[in-house]
Amino acid sequence: MKKAPLLMLLLFVCKISAQNKLVTDSISFKNIIKEMPSFTIYGDNYLITGSTLGKTPDSDNSDAKFQIGFKQRLTNSALPWNTYAFFTYRQIAFWDIYKESVPFREINYNPGFAIMKPFFKNSRLNEILMFQFEHQSNGRDLENSRSWNYVSLSYMRFLSDRLTGKIKVWLPVGNLDGNSDITDYRGFQQLELDYKLNNSFIFESEFRKAYSLDWKGSMLLGLNFRISKTSNQYIYLQYFLGYSEDLINYNQDTQRLRVGIAFKDLFIKFRK
């Protein structure tokens, strides 16, 4: 089962070598890339707050969670095989805003380097492959240190004008001291499905499953309501169930419901 990341890497190589697309499609996408700012949002940026389900909300089981991310395109022109290079960065923080001193409980840092490859069908963007080298850590030391390096491969496909699917697989690289069994809880793959109900509502889902017979893994569900038709700001409701929401407690089962505001990364999230 752990051969899945290697198989996805083989798919990535085969896709590039067997590409069969129109020149006009490539030129059109290049123009879109050139017209975009080189520094843009990466993933959704949000600030939400909530509590553990099944318990009376208090300062010990309630918090705020926020995510920020950006990507920097490294070249203005396409690389060989019409690929594009990016520096990516994502940070997730868990903030105990209801405690007296308002401390940050945990911050996870996730920088990476990415190569993106688009594919076309019937003169429309149809698929995207992204190969990344990523690092994730919580910036702490001694017994509270959590960090790992991994290579990942993402495959995104427009299943319809309203439905987008994505699968991401990863393979650890190097030392896993402090969290040697993290893949027992996070697994080696992630499945995402995003559905655009209309111009106001977007439903999102994200699933991970470890290679075990129990329920280790996680599920994240999100419902987004657009505040204005001319902005990317949404009221965001998020439900998380499972393991590895943060690094420090990656082996602990959690269930949280939070709500707040999100600034969404809508670039190629749905087919235009």
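Each Cβ is built from the backbone N, Cα and C atoms, and glycine gets one as well.
Per TrEMBL, the feature signal peptide maps to 1-18. Per TrEMBL, the feature Ca(2+) binding site maps to Ser101, Arg140, Ser145. According to TrEMBL, the active site, proton acceptor annotation covers His135. Per TrEMBL, active site, nucleophile is recorded for Ser137.
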Least Cβ-crowded entry, counting other Cβ within 10 Å, from the recorded positions listed as Ser101, Ser137, Ser145: Ser101
Neighbourhood of Arg140 (Ca(2+) binding site) by C-beta distance under 8 A, where only residues 6 or more apart in the same chain count: Arg146, Ile248
Number of Cβ atoms other than its own within 10 Å, given for the residue listed as 'active site, proton acceptor': 15
Pairwise CA distance, His135 (active site, proton acceptor) versus Ser145 (Ca(2+) binding site), rounded so that it is a whole Å: 14
Between Ser101 (Ca(2+) binding site) and Ser137 (active site, nucleophile): CA-CA distance (Å): 24
